[in-house]
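According to TrEMBL, the protein has these features:
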SIGNAL    1-22  signal peptide
DOMAIN    19-213  domain 'GH16'
ACT_SITE  Glu99  active site, nucleophile
ACT_SITE  Glu103  active site, proton donor
CARBOHYD  Asn107  N-linked glycosylation site
Amino acid sequence: MRASVLVGFMAVSACIACIAHGGNFYQDTEMTWGQGRGKVVDGGRGLDLSLDRASGSGFQSKDEYLFGKIEMQMKLVPGNSAGTVTTLYLSSQGDAHDEIDLEFLGNVSGEPYTLHTNVFTRGRGQREQQFRLWFDPTAAFHTYSVVWNPRHVIFAVDGTPVRDFANREARGVAFPRTQPMRVYASLWNADDWATQGGRVKADWARAPFVASFRGFSADACVWSGGRSQCPVGTMEEAGGGGGWWNQQLSDASYRRMRWVQRKFMIYNYCTDAKRFPQGRGVPAECRLRR
């Protein structure tokens, strides 16, 4: 086991409590902004965020986590969603924060959403990968998830992996491993850049825009009192190779991810010739094989 991973293991080796949240937004989340534009619905089983010309809205998990599997079912703004951004992300605090992003960039009616992903470590991001979704994310709820363990950050859509940010600390690449993070979600106006580079603005005559959330699940190690408390069985699963703690892409999962990337990826920072002309300055992780 690499030293960097061993440190992460030791940080949670004293986990004793069963802490796996999910299903009730009253118990597991709190509104952070929006002045009443975010509302818990269906007896706590769902939450709606709304956006109008005056403000968007957002919520956060009550707990902080250090590693886990985070899932959320989401139904995005229907119709002309140009200029809107719906987000689901994990983040720590401060200028040197870590962050794991999923952002859904709206579009004009009939045009596909863009899924924008990013990973920040110690305050540095600029690791963007973008995808067109291969279904209508406004017609029904779909499940978006992040597996975050000491070796991988795996983004998935309805169980299909779309991105794997692997721990390459041994090669000098920073990895989000030491800072506990909360889960955040928001709906906000970004019509200065979100749709066709800002050329298409939000149609406020269609406001309020609404994005819906349900099925929040955090099978995760909760950070409390300076240590992580993991769900019962996490360490046993780790020792046996099962569960999210040791999760990595199987050969079949890797092939599915590569298929998605070939068919639906529209931007990859690693291949941005404008950012890295003639390959100069390409980040180290972009040059490493699986």
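Glycine too: its Cβ is placed from the backbone N, Cα and C atoms.
Please treat TrEMBL annotations as automatic predictions, because they have not gone through curation.
What TrEMBL annotates, mapped onto the structure for a quick look.
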residue: Glu99; record: active site, nucleophile; Cβ contacts under 8 Å, 6 or more apart: Tyr89, Leu90, Ser91, Ser92, Asn118, Val119, Phe120, Gly125, Pro176, Met181
residue: Glu103; record: active site, proton donor; Cβ contacts under 8 Å, 6 or more apart: Val85, Thr86, Thr87, Tyr89, Leu115, His116, Thr117, Asn118
residue: Asn107; record: N-linked glycosylation site; Cβ contacts under 8 Å, 6 or more apart: Ser81, Ala82, Tyr113, Thr114, Thr195, Val200
Taking the domain 'GH16' (19-213) alone, what is its mean pLDDT?
95
